[in-house]
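*Asks:* If you scroll down you'll find the structure; I have some questions about it.
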Amino acid sequence: LARMGLPALALLLAAGLLHTQASPLARSFQLDYEHNCFRKDGAPFRYISGSIHYARVPRPAWRDRLLKMYMSGLSAVQVYIPWNYHETQPGVYDFTGNRDVEAFLDLTAELGLLVILRPGPYICAEWEMGGLPAWLLWKPDIILRTSDPAYLAAVDSWLHILLPKIKPRLYQQGGNIISVQVENEYGSYYACDYGYLRHLLGSFRALLGSEVLLFTTDSTGAEELRCGTLQGLYATVDFGPGILLGGQEGRSLLSCSNLPVSTSTGSNVTEAFGAQRRVEPKGPLVNSEYYTGWLDYWGEAHASTSAAQVARGLQDMLQLGASINMQVSPFLQLTSLPWPGADYKDQYKPVTTSYDYDAPLSEAGDPTEKLFAIRTVIGKFQPLPVGPLPPATPKYAYGRVALQKVSAYPEGCAAPAWHCSAGQHPSLSLQYADLLDVLDVLCPSGPIQSQFPLTFEALKQAYGFMVYHTQLPWDVPDPATLCAPPHSICDRGYVMLQKEYQGALERDGQTTLHITGRAGDTLDILLENMGRISFGANTSDFKGLLGNLSLNSRPLSNWLIYPLAIDTAVQQGWPQAALPESSSGGRVGPAFYTGTFETPGIAWDTFVKFPGWSKGLLWINGFNLGRYWTRRGPQQTLFVPGSVLHVGRPNNITVLELEEAPPTPLLLFLDQPLYNRTLGCSTTATE
């Protein structure tokens, strides 16, 4: 520690002895290598920051979340910009509504928060493909995150759109952005392409100027810091409490367990910053991602980290004079597409819909015990804002809605259709349809014919689902093996024979089913994209059927492929119009369940539970609220922001159940989330 000059720095920061009078007109944010600190307008400075993902927070809640972060004692926020959220097609940009990043940045300035910007082009963030657009894979031989000319051309085009929006908001230009990260944890990527990093450095400098502080973030491993750092970019590290967490070290925690804890946090902090000192012998100590929690994977236990452990690690770092950004405020996505990504470490591991992260602020924006512990620690090192912390947002347990196959209009409030409150009498209008019966609605342009299966990317289908349809070429009187080549189901396939559900095929899981049938019988496979890899050896994660299916080792051919536009159909009001009568009388297999309900005069946040359901997606009033998978867990509820609900008119519910609906299909609206913390890597969840 003495070699780092840390005790002296901490004392000087505390006493203000390094203060120098800055010109009122001079705005600067710089590195001070002599005193191992930042300088803001000439004075020594260190930030205490928290991450927030505007793309995961409903726009009406932006102010509430930012104000809570400010009142917690944070001086800055770290903001991710997902490229694929804004450039949805090549050359087609969207900066409106929830995607209005300029409005979000202006709001941070209004509330007095500095910004540490993470514009990528790769951001990770457990976001689909790490923020890279899926359309990059339309060129199948592209090499992502390298000097590949095709990749660099797309990156340059994007940066020339984005960074001019950022430059006027830089601190030196009168704004509040004090630093900008280039790439993210690049040392954990296999390529180790310094030419790529040099190209990004040149682009950022050309578009943002020579004064802005540019930096990198990597885990504390020697190899990661070797490949992820570059002269001209200030190197920072990331780790969590009680463990040198981040990069491959952190992502290797893929067993069914929570984060490990340690009783020697201080020594871990010293060791972690020692890794930064090996690549940056002088300058401020910075932990750019202090993990206050951890993400959840489908089929594993809900991750949690103790408030005491997080607070102890934070205090140890602040005592060293370090600047810190905490993963404070990740929230559930609220978008028209399912954006959660996946990790890859020996196997594909999709991330849950909720990005609650066991964070100090919950996905609903509620302060937790962990937030108050963090606030207490911050108060030991700098004054806290005057005034109380804003309270949790109001929640309401609206009750339950019964979904049935036939139209139903219950008299009054008779259970089980609805649990009423305050004398209100919500109405229900309920319908049902098998997915295969509405392909003309979901794929209005019709199918594509192909001798063999084509990927999502080959058909320019970015997200969601595609149906692969063929016929049995011969009689199969005895059970025959329907088989997919290894790693060719990306990511989950639901198999129907003569429209009867047979079971699911899964990436890195079950890849065979036994079927019987007659020549000419229809065979349909609904393929689900569960999120492209956002962290791992390779982010070129193609979706769909990547290889041909075979029946008793004989390849199947003559496919009709339907790219489904389910989100578009639901946003345009389908299926609240009349649905066709279902050809199937069962509850098994992919099907839509719809209904309407009215709230009792309020539109508060709520959580939807899916008792007895298997796996699927939920829309309310056209908003895709994400994926549920009650049989796998750990997430058992989906967050519904009150801003998506209507007051005084019906709220439209659409559920796409992919496997099996319960005998009495109903949704239960609660006032708190549920996680199955005890669930291991099993396929069933307990209540």
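Glycine is no exception: its Cβ is also placed from the backbone N, Cα and C atoms.
OK, TrEMBL features for this one:
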- GLU185: active site, proton donor (ACT_SITE)
- GLU289: active site, nucleophile (ACT_SITE)
- 38-380: domain 'Glycoside hydrolase 35 catalytic' (DOMAIN)
- 453-564: domain 'Beta-galactosidase 1-like first all-beta' (DOMAIN)
- 590-648: domain 'Beta-galactosidase galactose-binding' (DOMAIN)
- 1-22: signal peptide (SIGNAL)
*Asks:* Could you count the residues of the domain 'Beta-galactosidase 1-like first all-beta' (453-564) that DSSP puts in helix, in strand and in coil?
*Replies:* 3 helix, 58 strand, 51 coil
*Asks:* For GLU185 (active site, proton donor), just count the other CB atoms lying within 10 A of its CB, please.
*Replies:* 25
*Asks:* I'd like the Cβ neighbour count for the residue listed as 'active site, nucleophile', meaning other Cβ atoms within 10 Å of its Cβ, all protein chains included.
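*Replies:* I count 26 other Cβ atoms within 10 Å of it.
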*Asks:* Roughly how many Å lie between the Cα atoms of the residue listed as 'active site, nucleophile' and the residue listed as 'active site, proton donor', rounded to a whole value?
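*Replies:* So the Cα of the residue listed as 'active site, proton donor' lies 11 Å away from that of the residue listed as 'active site, nucleophile'.
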*Asks:* Per DSSP, what is the residue count of the domain 'Beta-galactosidase galactose-binding' (590-648) in each of helix, strand and coil?
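*Replies:* Split by secondary structure, the domain 'Beta-galactosidase galactose-binding' (590-648) comes out as 3 helix, 28 strand, 28 coil.
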*Asks:* Taking only the residues in the domain 'Beta-galactosidase galactose-binding' (590-648), give me the average pLDDT of this model.
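*Replies:* A mean pLDDT of 93 is what the model gives the domain 'Beta-galactosidase galactose-binding' (590-648).
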